[in-house]
Amino acid sequence: MSHAEDNAGTRRDFLYHATAATGVVVTGAAVWPLINQMNASADVKAMASIFVDVSAVEVGTQLTVKWRGKPVFIRRRDEKDIELARSVPLGALRDTSAENANKPGAEATDENRTLPAFDGTNTGEWLVMLGVCTHLGCVPMGDKSGDFGGWFCPCHGSHYDSAGRIRKGPAPRNLDIPVAAFVDETTIKLG
């Protein structure tokens, strides 16, 4: 056996390992973009939670913000709205579920649909809801519209009361309430 034949196996082994390593790197470079595209994009991550300053919202008025591509109604209700919503018996409602992500499975009483203040008291003053009709996804009109002093969806005639509960029309459910909480006296965190 000559000296050249001893090196042939070593050269062959080197070429085999170098080719295999190159194949692994090329495969990884080709597969990584496919895996990485499944991660949430920066705009989705940014919209997961937002903070809304409600210090300028006067009693009896409403603020609409965009969250996750949908309108969110933030209403600071007056005493008349609160009394009207709390006077409705549960049996008079078409949907008796609160549809509140903060209180899953709760009944649709006014207290279960409103947002407690930063100190934990729930006076019923703050109501935060997705502004999307549960019938076909239209945006209801606010400013105490409709027959029940809440919201009215002009697309197909759904009427919601001052707590966002369906009272009349084709909508099957109450307006949804997103995960929300006060983080201080004047700031609400959505999501």
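Cβ from N, Cα, C; glycine included.
What Swiss-Prot lists as transmembrane segment is 18-35.
Using DSSP to sort the residues of the domain 'Rieske' (94-189) gives these counts of helix, strand and coil: 4 helix, 35 strand, 57 coil. If you look up Swiss-Prot, you'll see 94-189 marked as domain 'Rieske'.
Annotation comment: Swiss-Prot describes 95-116 as region 'Disordered'. Long-range Cβ contacts of the region 'Disordered' (95-116) within its own chain (Cβ-Cβ under 8 Å, at least 6 residues beyond either end) map to 77, 82, 85-86, 88, 122, 124-129, 163-166, 172-182, 188.
For Cys133 ([2Fe-2S] cluster binding site), the number of other Cβ atoms no farther than 10 Å from its own Cβ, over all displayed protein chains, is 24. Annotation source Swiss-Prot lists [2Fe-2S] cluster binding site at Cys133, His135, Cys153, His156, citing sequence analysis.
Sequence annotations record features per position, and here Swiss-Prot assigns disulfide bond to Cys138-Cys155. Cβ neighbour count for Cys138 (disulfide bond): 16 (other Cβ atoms within 10 Å of its Cβ, all protein chains included).
Long-range contacts of the transmembrane segment (18-35) within the same chain: none, as no residue at least 6 residues beyond the stretch ends has a Cβ under 8 Å from a Cβ of the stretch. For the binding-site residues His135, His156, the greatest number of Cβ atoms within 10 Å around a candidate Cβ is found at His135. In the predicted model, the domain 'Rieske' (94-189) shows an average pLDDT of 87.
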